[in-house]
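Structure record follows, encoded as structure tokens.
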Amino acid sequence: MRAKDIRAKAGDEPITMLTAYDAPTAEIAEAAGVDVLLVGDSVGNTRLGYDSTLPVTVDEMASHTAAVARATDDALVVADMPFLSFGADEADAVDNCGRMLKEADADAVKLECGPHTVSLTKTLSDLGIPVQAHLGLTPQRENETGLYRQGTDEESANRILELAREHEAAGAFSLVLEHVPANLAASVTDALSIPTIGIGAGPDCDGQVLVVDEVVGLAEGTAPFSKRFGDVRGEMREAIEAYTDAVDSGSFPGDEHSHYEDDIEDIY
């Protein structure tokens with residue numbers, strides 16, 4: 001799968017996208033039919049113990065992206081560019097994004113976008129680095145906007161639509177729309193020739209993306225626009241409790257889990 005293959009799905013077949021942060025998750029998700037694996041900066045608060053995505057570094061993203069890429073054969077691997085890895089200096093941004101393809105074997109990068117990323121999107125696209133744009137709620141700007149629904153009034157909705165058009169013209173191959181009204185997402189989808197992938201953006205986008213921890217039930221809670229499809233957290237706790245109980249009771253390890261050599265004499 002390449003960026004051009006995802007772009008070709010616009011208005012055709014639904015796109016499934018899911019976060020992945022490690023090789024086992026990537027392998028399972030790809031086997032389950034996921035089209036796009038997003039190595040999200042949400043690795044910060046799902047795997048690394050941070051309170052938000054803001055502390056995540058380029059090195060951390062490269063490491064997790066490489067792990068996902070090593071376990072992936074067909075799905076498109078998209079590396080999320082972390083806070084302050086782009087936007088201030090274009091040359092630095094190109095270097096950081098280039099690392100994700102050269103060192104981590106990603107297929108594309110995702111940028112949380114605004115007016116400042118239109119030029120960068122064109123530069124990256126011209127250099128052969130596929131860009132997935134991200135508009136609406138952009139968590140890296142939480143200190144400015146808060147983690148609230150975006151595009152809820154005419155002015156902000158028009159701004160999102162215009163930025164979507166500008167990033168498409170700059171070369172973005174797809175667009176993530178997060179936590180925006182469903183009717184706005186539908187309008188943006190109709191206005192673009194590249195696919196839109198929604199998260200909390202209603203049913204009319206070309207695809208959907210969710211955080212894997214929420215999908216499988218590993219997270220303690222879920223976003224209001226997400227859905228749990230399993231209870232991995234409960235199953236993990238049950239299995240670990242069974243293990244600790246077995247060790248405490250002396251029932252593990254048993255003879256079937258132990259190996260003895262008849263020709264070794266008692267050393268005592």
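Just so you know, glycine gets a Cβ as well, placed from its N, Cα and C.
Swiss-Prot lists Glu178 with the feature active site, proton acceptor, giving sequence analysis as the kind of evidence. Residues near Glu178 (active site, proton acceptor) in space but far in sequence (CB under 8 A, at least 6 apart, same chain), listed by position: His134, Leu135, Gly136, Leu137, Thr138, Gln150, Gly198, Ile199, Gly200, Ala201.
Less than 8 angstroms from the CB of Lys110 (3-methyl-2-oxobutanoate binding site) sit Leu38, Val78, Ala79, Asp80, Met81, Val131, Gln132, Ala133, His134, Val176, each of them six or more residues away in the same chain. Marked as 3-methyl-2-oxobutanoate binding site by Swiss-Prot: Asp41, Ser42, Asp80, Lys110.
Cβ environment of Glu112 (Mg(2+) binding site): Met81, His134, Thr138, Pro139, Gln140, Arg141 lie under 8 Å away, each six or more residues apart in the same chain. Following the DSSP three-state reduction, the secondary structure of Glu112 (Mg(2+) binding site) is strand. Annotated Mg(2+) binding site per Swiss-Prot: Asp41, Asp80, Glu112, in sequence order, evidence recorded as sequence analysis.
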Inquiry  = Under DSSP, is Ser42 (3-methyl-2-oxobutanoate binding site) part of a helix or a strand, or is it coil?
reply    = coil
Message = Return the count of C-beta atoms lying within 10 angstroms of the C-beta of Asp41 (3-methyl-2-oxobutanoate binding site), excluding that atom itself.
response = 29
